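Chemist: Let me begin by handing over the structure; questions about it come next.
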Amino acid sequence: MGKPPLFFSNLCIRKSPNPVQNTNPQNRFRNRSFCNDKIDGQCEEFGKNLQNTDVVFAQEISNVIQTRPRWEQTLLSDIPGVNFVDPNVYNEVLKQQKNVLLSVRFYYWVGSQNGFSPDPVSCNMIFSRLVEAKAAIAAKSFLEETKFEPEPGCLESYIGCLFENGLVEEALDVFERLKMAGHSVSLKTWNSAMLQSVKAKRVEIVWKLYSDMLEREVVGDVDTIGYLVQAFCIENKVAEGHKLLQQVLEVGHVPSNSAFNKLISAFCKSGDYAKVSALLHTMIAKNCSPDIHTYQEVIHGLCKRRMRHEALRIFNTLKDRGYFPDQVMYTTMIHGLCKMKWLGDARKLWFEMINKGIFPNEHTYNVLINGLWRTGNTEEAEKLYKNMCERGYGEFIVSYNTMINGLCLNGKLDEAHVLFDQMAEKGIVPDTITYNSLIQGFSKRGKISEGRYFLDQLLKQGLQPSTASYTVLIEKLCEAGNVGEAKAFWKDMVDRGVEPAVSAHDAMILGLCEQGNVAEGMEWLGTMLKSRLKPQKQTFERLVQCLSKADKLSDALFVLDYMLKMGFEVSEYIFLSLVKKLCQDNSSHFEMCFGRILERSRGS
DNA sequence: GTAGGGTTAG
């Protein structure tokens with residue numbers, strides 16, 4: 001492996017003309033004003049027959065329902081002489097009343113009066129309000145209850161509202177409904193549906209929407225293509241996404257930053273830095289500056305691929321060139337530094353961000369606390385945890401797991417147990433990571449029965465165990481000479497579809513050797529080699545020793561030969577013990593075999 | 001857009 005390419009030439013990190021993020025006007029904003037225009041238009045329409053007294057009554061009613069919590073019981077007597085079921089009056093009330101909840105309550109209250117039948121105008125008004133307030137579920141049940149036919153424009157806004165609330169199937173139904181009504185949905189709505197699907201990573205919906213668009217002969221724009229590029233990235237079809245982007249660029253269009261960012265993120269992950277660099281250059285050339293999110297992807301991608309030095313270099317260059325890293329970027333960088341165990345630099349960044357007025361959030365706290373635990377800075381970790389709790393970030397599953405794992409790593413088992421109990425009191429449900437930390441922490445320190453207990457609890461909670469749930473326990477049982485129980489756990493693990501760790505194989509072989517059961521040890525070695533798993537040097541050596549001790553010289557030499565072929569360097573004492581054995585036995589045949597093996601290993 | 005495990009190679 002050569003050095004990582006220095007792809008960030010000066011050109012790529014341009015001094016940001018406006019380091020503050022670009023604010024992209026969201027579609028929903030436009031929808032909202034569109035929705036209001038509609039309502040006001042409707043109101044104007046029946047304003048024609050409106051009399052002054054109606055407006056005055058409406059004001060009185062509005063006043064009462066806004067100020068009296070239980071107005072439903074008194075409204076009739078409070079304002080005598082009003083015909084509440086007169087559409088002019090109640091529509092005027094709905095118009096005046098900006099509070100969605102009160103509007104709905106008033107609507108239902110009027111509905112409970114005799115002689116009332118909802119008219120489409122008021123239904124549409126209530127429905128629009130609910131959509132505007134993003135109350136998707138309320139809007140949906142209102143629609144089902146009243147069974148009125150909303151304005152197509154309102155239904156379009158409703159689609160966005162449903163998408164934002166994750167009610168994808170319902171949103172697609174509304175698309176169908178508009179299609180049946182012969183209404184052609186605006187590109188804005190198609191695009192916002194696609195955007196929501198991309199955000200929810202529902203790629204299949206993106207493709208469905210796009211094929212519907214084609215079917216209805218709706219021509220997409222550069223935003224549409226941007227969403228398709230992102231969809232390709234989510235599906236890991238980065239090359240196709242990249243090709244599509246290049247096609248749009250050739251025609252002279254430039255998609256939004258997020259399409260570029262997704263591609264950059266994907267190429268960072270696959271380590272294709274030449275493409276990352278090219279994309280950054282393209283962005284700059286097309287006057288679509290890389291923003292803080294773009295560089296955030298780059299730094300995150302580099303940290304993920306353990307190119308943290310490079311990430312730090314870019315992070316510092318960005319600061320030099322006038323960018324202002326935000327909370328997320330600082331957190332990502334501190335995380336990278338903690339992984340490198342560069343706690344000094346991590347601390348420096350921590351204080352730097354605070355000095356700049358950017359305060360650590362629960363992510364930042366967790367990253368640093370975890371780094372402190374992993375480097376044995378126990379006192380500082382505990383202090384920072386206390387500080388985090390004071391800020392109200394202490395009661396998340398992740399913060400508990402960070403602490404429990406950190407305490408376990410540092411042998412503070414009792415404290416870990418206390419926190420585990422505290423979780424139950426706070427109603428935070430432990431997950432596999434919580435249990436794994438405890439199983440490993442206790443088992444590693446020889447507390448096998450506690451380890452066994454936590455594994456048992458994990459399974460009793462119906463959680464799916466992972467490789468790590470069993471590994472240390474099996475290793476420790478083998479070390480303690482309890483190979484039988486280790487085998488039972490092994491079987492349980494395999495039955496549950498969990499892949500045993502390579503090191504667990506090694507542990508089993510060593511355990512069997514210690515028990516004097518070399519023959520079975522050899523069987524396990526055979527299984528390992530057949531599965532192309534690489535045993536540890538120690539495993540081979542222990543087998544050679546035990547085999548020679550059991551006078552199985554032929555097997556011992558076979559194992560020795562195998563390990564040399566796998567490129568291991570054999571410890572001197574192993575050779576010495578073999579030579580001693582051969583001298584004792586005075587066997588010229590094995591001596592010859594041994595000599596040949598040695599010759600070959602020297603030759604290679 | 002960021003966090004906890006394990007992963008890896010050393």
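Keep in mind that glycine also has a Cβ here, set from the backbone N, Cα and C atoms.
Annotated repeat 'PPR' per TrEMBL: A:256-290, A:291-325, A:326-360, A:361-395, A:396-430, A:431-465, A:466-500, A:501-535, in sequence order.
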Chemist: Averaged over the repeat 'PPR' (A:291-325), what pLDDT does the predicted model reach?
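Modeler: Over the repeat 'PPR' (A:291-325), the predicted model scores a mean pLDDT of 89.
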Chemist: What are the DSSP helix, strand and coil residue counts for the repeat 'PPR' (A:431-465)?
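Modeler: Computed counts for the repeat 'PPR' (A:431-465) are 26 helix, 0 strand, 9 coil.
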Chemist: Summarise the repeat 'PPR' (A:326-360) by DSSP state, stating how many residues are helix, strand and coil.
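Modeler: Reading the DSSP string over the repeat 'PPR' (A:326-360) gives 26 helix, 0 strand, 9 coil.
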Chemist: Provide the three-state DSSP residue tally for the repeat 'PPR' (A:256-290): helix first, then strand, then coil.
Modeler: 27 helix, 0 strand, 8 coil
Chemist: Looking only at the repeat 'PPR' (A:396-430), what are its DSSP counts of helix, strand and coil residues?
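Modeler: Each residue of the repeat 'PPR' (A:396-430) counted once, the result is 27 helix, 0 strand, 8 coil.
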Chemist: What are the DSSP helix/strand/coil residue counts across the repeat 'PPR' (A:291-325)?
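Modeler: In the repeat 'PPR' (A:291-325), the DSSP-based counts are 26 helix, 0 strand, 9 coil.
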